[in-house]
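The annotation transmembrane segment is assigned in TrEMBL to 6-27, 48-68, 80-98, 110-132, 138-158, 185-206, 226-248, 260-280, 305-324. Positions annotated as domain 'NADH:quinone oxidoreductase/Mrp antiporter transmembrane' by TrEMBL: 19-265.
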Amino acid sequence: MFISLITIIINLMTLSFLNLFNMWFMLEISSMSMISLMMMNKSKKASIIYFIISFISSSMLILSILMFQMTNYYNMNNLLMIYFMISIMLKMGLIPLNKWMINMVNNLNWWNLFILLLFMKIIPIYMINQFMNNMNMIMIYIMFINMFLSPLLALNLMSLKKIMTYSSINQTIFMIITMFINMKLFMLYFIMYLISSFILFLYLNYMNINNKNILINMYINKNNKFMYLMLVMIYSSLPPMFTFIMKWSILENLIMYNPIMNLLWLMIMMSSLIMTWNYMNLNNLNYYLNNMNYNFKMNLNMNYFYYYLIIFILIMMFLLYSLLMY
């Protein structure tokens, strides 16, 4: 738990830095912390894969930073931009450089996966913000590819960890887009995504759910059905959840940011729809509708998930208020 806390703090501290070298240094420290965390949880195969990928991506990244420091071309040097983006995409496991992460995630527990998919992407996203002034064609192509393929590749997968990994790729692209539009909206959306992911991952870890077969056969308690359905609706930003209002506001700002982004807006909508199908298809929705009655007798083992859900709703109300005030 101590190593986990260090990894989280290091990634959050980096947001106060402006120098790319300092960011790269903090990224390396957080990577070493992540490898230590994997080793402590006996995920040796995952730690070896992550070490090799981190070494390659970090070498490419520091080289691109050095080249960037030696040139005065901020956005004009397309080769440098492509080289930088390849190193970042490899580090974050974005499509088409995501094979290593997909092969590795089943060897991680839910807590390590939560840190890898959320906190370990903070520094690379922040570096993109510092390295690039606005969305250029290279970034738009990358966004289109990842937005289009991530939900499709998640179809018919049995592993929940792989589904959540593709979901993270989809959400990462959406957060990068939000970051270019408005930094305040980005922070609000990231906090919302962080909390909803934490509660969902905590639930999956508590119930020891790793694939669809376990999920289909586990529902004995009807409170479990209701809890899972609520968590999935929040995570997938379905109306009338607060997450839907936040996402809709970001899409409105995207159109205002640049009318040419209408095609990207359409791609985001289609991608979100397919990804929502992936979430809801984790179990047959008809099974919920036909078998669930609304007798909310609390199971003692599930009490604290209801408390987390209440806390989440309160925080979302605050974020919604901040959004409306903006």
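Backbone N, Cα and C atoms are what each Cβ position is placed from, and that goes for glycine too.
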Worksheet item: Which listed range (6-27, 110-132, 138-158) shows the maximal number of Cβ pairs under 8 Å with respect to the transmembrane segment (185-206)?
Response: 110-132
Worksheet item: Taking the transmembrane segment (110-132) as reference, which of 6-27, 80-98, 260-280 has the most Cβ pairs under 8 angstroms?
Response: 6-27
Worksheet, complete the sentence: If you count CB pairs under 8 A between the transmembrane segment (138-158) and each of 6-27, 80-98, 226-248, 260-280, the winner is 260-280
Discussion item. Test of understanding: applying the rule of at least three C-beta pairs under 8 Å (pairs 6 or more apart in sequence), is the transmembrane segment (260-280) touching the transmembrane segment (226-248)?
Written reply: yes
Worksheet item: Who are the chain neighbours of the transmembrane segment (260-280) in space, where the CB to CB distance is under 8 Å and they lie at least 6 residues beyond its ends?
Response: 140, 143-144, 147-148, 150-152, 154-155, 163, 166-167, 170, 174, 177, 232, 235-238, 247, 251, 254
